[in-house]
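> In case it's useful when we look at the structure, here is the feature table from Swiss-Prot:
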BINDING   Gly35, Gly36, His37, Asp54, Asp98, Gln105  S-adenosyl-L-methionine binding site
Amino acid sequence: MNQDFPHISVLSQELIAGLNIQPGGHYLDLTLGGGGHSRLLLEAHPETTVTAIDRDQSALEAAKISLAPYLDSRLTLWWGNFADYDGQNSSFDGIIADLGVSSPQFDQSERGFSFRHTAALDMRMDRCQSLTAADIINHWHEKELADLFYQYGEERLSRPIARSIVQKRPFTTTTELAAVIASSVPASYRYGRIHPATRVFQALRIAVNQELDSLQQLLDQAPHWLKSRGIIAMISFHSLEDRLIKYGFRENNSLKIITKKPIIPSREEQAKNPRSRSAKLRIAQKIESEVI
């Protein structure tokens, strides 16, 4: 685990086993994060090479330290949104993605991803971009907010929540917003299994970082970057991501689905890492090209 960007990789063994690592293979890690999966790829065989991407510069800076022995010779780092990566001139034996927010991003209160700490409403994975969660909350129309919470957060009380937000804005902090969301829903919902702000914060994060649009672009492009019989493995953390991956794999004629049902963490892994509970791993393989 990278101590400067501490993140416990989820479903690591299942992911590596599913990739069927090839000696001297070239692999693409679309979500470097704490570097756990990239490290496992590099350790799988002494000649394996990895290209790793992250839109969060702090993850890349941390990886330059934790994965220093592999840099230049076997590991290449690329900063940016994976949807903007041009892999047309590459040919990978495997591609992996561990989607969503990493533990450091959640735990660093100043990033504004969590309402457990008071922080500015930010939520940017790439802190060089301009749009923040505060921009959305304070400037979007009520209907736009309600639609956002419903579509990206699957929040059934999106309309009363949006109404309360518009009435009481502007907002500057995460806890201030979370309190208003909680006060706008019935008590039975307010004290339910999850905090009533959870789905709203998910929706805001997805919108700020254009997560679903980026994922759809990736699903359209990534199979073209695979060698014949190359494998793509993707870990999702909520139903919107999983649905896109499921149908993206199914509708691509160049892919054969390996996992008929998604692989989920074992009870042991869930006990050790509660954040893994919602993870789902889907794997597909590029169909072998016919020789003409």
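Yeah, the Cβs are placed from backbone N, Cα and C, and that goes for glycine too.
Describe each of these features in terms of where it is and what it packs against.
Secondary structure from DSSP puts Asp54 (S-adenosyl-L-methionine binding site) in a beta strand. Around Asp54 (S-adenosyl-L-methionine binding site), the C-beta neighbours below 8 angstroms that are at least 6 residues distant in the chain are Thr31, Leu32, Gly33, Leu60, Ala63, Leu77, Trp79.
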> If you count Cβ atoms within 10 Å of the Cβ of His37 (S-adenosyl-L-methionine binding site), leaving out that atom itself, what do you get?
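The answer is 28 other Cβ atoms.
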> So which one is it: of the binding-site residues Gly35, Gly36, which has the fewest other Cβ atoms within 10 Å?
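Ranked by other Cβ atoms within 10 Å, the binding-site residues Gly35, Gly36 bottom out at Gly36.
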> Is it possible to get the count of other C-beta atoms within 10 angstroms of the C-beta of Asp98 (S-adenosyl-L-methionine binding site)?
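Other Cβ atoms found within 10 Å: 26.
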> Quick one: what's DSSP say for Gly35 (S-adenosyl-L-methionine binding site), helix, strand or coil?
coil
